[in-house]
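Asker: Marked as domain 'Protein kinase' by Swiss-Prot: 25-289. The ATP binding site annotation in Swiss-Prot covers Val31, Gly32, Asn33, Gly34, Thr35, Tyr36, Gly37, Gln38, Val39, Lys54. The active site, proton acceptor feature in Swiss-Prot is assigned to Asp153. The region 'Disordered' annotation in Swiss-Prot covers 306-349, 421-462, 517-811. Annotated phosphoserine per Swiss-Prot: Ser326, Ser631, Ser639, Ser644, Ser700, Ser791, Ser800, Ser823, Ser852, Ser900, Ser913 (among others), in sequence order. Sequence annotations record features per position, and here Swiss-Prot assigns compositional bias 'Basic and acidic residues' to 554-574, 663-672, 722-735, 747-762. As annotated by Swiss-Prot, compositional bias 'Low complexity' applies to 642-656, 675-701. Among the features that Swiss-Prot reports, phosphothreonine is placed at Thr828. As annotated by Swiss-Prot, region 'Mediates interaction with RAP2A' applies to 858-1212, with the evidence given as experimental evidence. Summarising the annotation, Swiss-Prot assigns domain 'CNH' to 926-1213 and lists sequence analysis as the type of evidence.
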Amino acid sequence: MANDSPAKSLVDIDLSSLRDPAGIFELVEVVGNGTYGQVYKGRHVKTGQLAAIKVMDVTEDEEEEIKLEINMLKKYSHHRNIATYYGAFIKKSPPGHDDQLWLVMEFCGAGSITDLVKNTKGNTLKEDWIAYISREILRGLAHLHIHHVIHRDIKGQNVLLTENAEVKLVDFGVSAQLDRTVGRRNTFIGTPYWMAPEVIACDENPDATYDYRSDLWSCGITAIEMAEGAPPLCDMHPMRALFLIPRNPPPRLKSKKWSKKFFSFIEGCLVKNYMQRPSTEQLLKHPFIRDQPNERQVRIQLKDHIDRTRKKRGEKDETEYEYSGSEEEEEEVPEQEGEPSSIVNVPGESTLRRDFLRLQQENKERSEALRRQQLLQEQQLREQEEYKRQLLAERQKRIEQQKEQRRRLEEQQRREREARRQQEREQRRREQEEKRRLEELERRRKEEEERRRAEEEKRRVEREQEYIRRQLEEEQRHLEVLQQQLLQEQAMLLECRWREMEEHRQAERLQRQLQQEQAYLLSLQHDHRRPHPQHSQQPPPPQQERSKPSFHAPEPKAHYEPADRAREVEDRFRKTNHSSPEAQSKQTGRVLEPPVPSRSESFSNGNSESVHPALQRPAEPQVPVRTTSRSPVLSRRDSPLQGSGQQNSQAGQRNSTSIEPRLLWERVEKLVPRPGSGSSSGSSNSGSQPGSHPGSQSGSGERFRVRSSSKSEGSPSQRLENAVKKPEDKKEVFRPLKPADLTALAKELRAVEDVRPPHKVTDYSSSSEESGTTDEEDDDVEQEGADESTSGPEDTRAASSLNLSNGETESVKTMIVHDDVESEPAMTPSKEGTLIVRQTQSASSTLQKHKSSSSFTPFIDPRLLQISPSSGTTVTSVVGFSCDGMRPEAIRQDPTRKGSVVNVNPTNTRPQSDTPEIRKYKKRFNSEILCAALWGVNLLVGTESGLMLLDRSGQGKVYPLINRRRFQQMDVLEGLNVLVTISGKKDKLRVYYLSWLRNKILHNDPEVEKKQGWTTVGDLEGCVHYKVVKYERIKFLVIALKSSVEVYAWAPKPYHKFMAFKSFGELVHKPLLVDLTVEEGQRLKVIYGSCAGFHAVDVDSGSVYDIYLPTHIQCSIKPHAIIILPNTDGMELLVCYEDEGVYVNTYGRITKDVVLQWGEMPTSVAYIRSNQTMGWGEKAIEIRSVETGHLDGVFMHKRAQRLKFLCERNDKVFFASVRSGGSSQVYFMTLGRTSLLSW
């Protein structure tokens, strides 16, 4: 142990007797900070010679430390490798203020080693430069160590260079002398990254000690700093580095380019056990230090480099230097002048030193003369000797007392250490018991949680099995009903054919009777030809007529009865169903199946309450437990009847007043009353003239089934009542064409149920078009040319005016796509539009179509489909526009007029700014767009081959910033002036400076161009994903690597970079997606997704556990997003994977009995600020509520395409589409600031 009491010789230093610096030195500017004061560049007034002046306030508390520093500098600064101490002055202050002490030292104008490394290309010095500087450092340390002084703060900033490339050690503010008897210290002082393990151990263990060899560890770290630009662990937080240095193996040089001598020197300096570390003299004999043949050339190179650096830096970037004195104290030792500096001084320096020595000598002579004069006057020689003997006796007595006191103190400290060790052992025992108790509680809790989770899983499986069983029973009942109806149909068909055969036989029988009667009449005529009197030409006698009643009575009708009856049946049937194919079949004696209309040629037959009450049912609310985007609005592109429209096109070319299908069964969830001028859809069945309203039947875009008619007897309402199921079944049942279609029909019936089951629905009914022809049909239109025919007045009225069941109209929010060509209004119906209506309070409804070349179809709001009728009628969710009787050429439009906008808003009830819009930029990128981030209003775009800036504020120009580097992910942090990226072939985490990127565009700052524009975060490679999380004023960066997760935190000035915070390695499941949540503002948890599910890591304890594992999926999954739900204190999450999403909390418990179900497998899922989530699929873009998972909106694609989410801000969402061939374009969607609340 060292003696911590001040040295007695320091009492002799009288600060008040020092001279005032006024007129001798003047301060020029501040150049740095020392341990106890600021360092100025000063100038000698008379000679102009520069000096370093350390200015300190003299307080009572720090007076002893200042004396120690003066003593240390005075005694040990006279060496060529230590900054020379010139003298001290006192600047008096007014009463009430502390005096200022000026310490004048040698000025080193070339700066520190740290400045030299920073101003060198690549931030690394040559190996022979490092050897020369290390040797000079060791020589200075050897001088200090000989005098038992430990510097304790060796680092690059405390090693300065003169203009002649000489190396000087400075800052004795933390140095101390060793006790000569013990030789070790145990105080915790130094800079973290350069600190030796034994010095760090003193902070944790009071019994730990160290000696002068701790300076040699710091010398080795300084050598690494010169070789690599920074000390090891510099990316870590300082407290983290203090934790790792004693536990990690000794650091080594990373690069293999250095010589074996250099590696050996580093190994010698960095020995963790300081007792085995070589001494200073041994390291000076090391080959790396000893063998320096070209020392003169090295000094010349260093001097030239220093001169070049000073010219570049100029006056504005002066180097900061740190000078200070010692902190510790020691007993008095004989004062030594020390060896004078052996360096060649700059002219003027020797004069300055002689002036100081002369001033000090004069002061000393004057004080000695006064003392001699006083001693001669007051005391005699005998009294002096007596006084000296008394002093010696007292001193001896005092020494004995100090020894006894020290012995007692050491004994007391030993007892205290024993008591402390006992307490620590007891505390460790209690902690182990507490730890075991907590582990037991945790084990029990986990067992209880596992048991509860297993029970919940078992109950869930049972519920699913019960639900599936009920579904199968329901489907079985549906199938039985359909089979029963099929048997009834077949029975009716057989009965019809039997009756036709009876009629045919009756007609043949009547024909034979007629022939017999004709033969009989011929015979009578033959008899009448004979000559008779006039009265003999009367009719035959009555008894003869009565003998043949069956031949004579029906004579006027016998020949015409079958044809007349067929005409009556045809007329009666034409009045009810507007079609007559079956009536024509009566004359041929067989049943014909009418042609099946295509989607663009037919409307469904809406029936009113007055005619067919069996078809009416209350509208059911559409609130599925598992939400999907399937709705009746979305038509099937793969409909088996799609192709039949061209085969039956002849039926569409006939006159609409005479040839329409007899009865159409439409497969939709609800039936709509089709209004017309003066007639309804119900009256078209009951009282209207045949063919009077050919546009009065609505087509939904779903597949149709056509029922064959067998005979003309019976009203249409009776046939409908037999065909439709009971009202309490809550769904329509449709007649199939043939028994082979029963399976498909049962599947279709399940698809249109109002309440969907909570399990996954496998068939997705969305398509690229909502109505009309496909892209292939568009090509047919181009080939046929402009052969168009206009529809009749009824067609125009049906397509341009819509009257709902309660006489009110609807305004529908639409999606508008702005492309290279702006939209133009047109009043003709488009072949690709689908009109969505709902009840509102507007006055009228008109139809307006726009032309566009976009790849998107109108925006669809599913809440428009959930309409409850206000009266006794039913309301449809879909109204298509086409006409049964219209020729196909009349429906097909110009292929350039492909309408993608349906706007039913005649009264302008909503401004255009509230309408969801999609725009795209004309710029096509040659390589695939992988990521993007908003920088101000402009967009930084990262692709497979580089980084570019898309100027959104100007003409849309693209500026290339970085070429030939892949950018996978990026985020702009403008407040920190950085762009965080995962980039390069090795997927490193790089941070680019925004000022450097801005200068690559503007080229207005040549200083910025010379600096390196980016840096890496640690040595991380193979980054998969990262997330920047802001909590209060702390910015965390959580990074997913191939098999680990790293957490970094932003360290402000002077570090100004991300520094390591936590690391979790060797994870069981490899992370693919990562996020960080703060539970209740206290606990940090890392949430990450893998191919097996979602997991959490407690940052404090490092424990890893599962949050949600989708066990119903056997293969690996693809996690899409981790959404931390708002207003839950970071406790509840929505995790999206595959085509599903579940609500869980951070402890793995299901919070909502709802499964978010996408309509198809999304390629990208993102959370947007409007508290919604968006999914990009190949067929559509879906917008869903984050809180409930319900579908809020759908944007359909005209053709399948792959989309990728980029970024979002406020009401704008940016995404990219990738075309075949590699080109990619940027889209942005403007949702409208208020539209999200009013959809």
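Using the three backbone atoms N, Cα and C, a Cβ is placed for every residue, glycine included.
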Asker: What counts of helix, strand and coil residues does DSSP assign across the region 'Disordered' (421-462)?
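Answerer: Helix (H, G, I), strand (E, B), coil: 42 helix, 0 strand, 0 coil.
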Asker: Go through Val31, Val39, the listed binding-site residues, and name the one with the sparsest Cβ surroundings, counting other Cβ atoms within 10 Å.
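Answerer: If we count Cβ atoms within 10 Å for the binding-site residues Val31, Val39, the smallest count is at Val31.
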Asker: May I ask for the distance between Val31 (ATP binding site) and Asp153 (active site, proton acceptor), taken between their Cα atoms and rounded to an integer number of Å?
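Answerer: Spelling it out, the Cα of Val31 (ATP binding site) and the Cα of Asp153 (active site, proton acceptor) are 19 Å apart.
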Asker: At 10 angstroms around each C-beta, which of the binding-site residues Asn33, Gly37 has the fewest other C-beta atoms nearby?
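Answerer: Among the binding-site residues Asn33, Gly37, the sparsest Cβ neighbourhood within 10 Å belongs to Asn33.
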Asker: Around the Cβ of Asp153 (active site, proton acceptor), how many other Cβ atoms lie within 10 Å? Please give the count over every shown protein chain.
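Answerer: A count of 25.
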Asker: Could you tell me the C-alpha distance between the residue listed as 'active site, proton acceptor' and Val39 (ATP binding site) in angstrom, no decimals?
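Answerer: Here the two Cα atoms are 17 Å apart.
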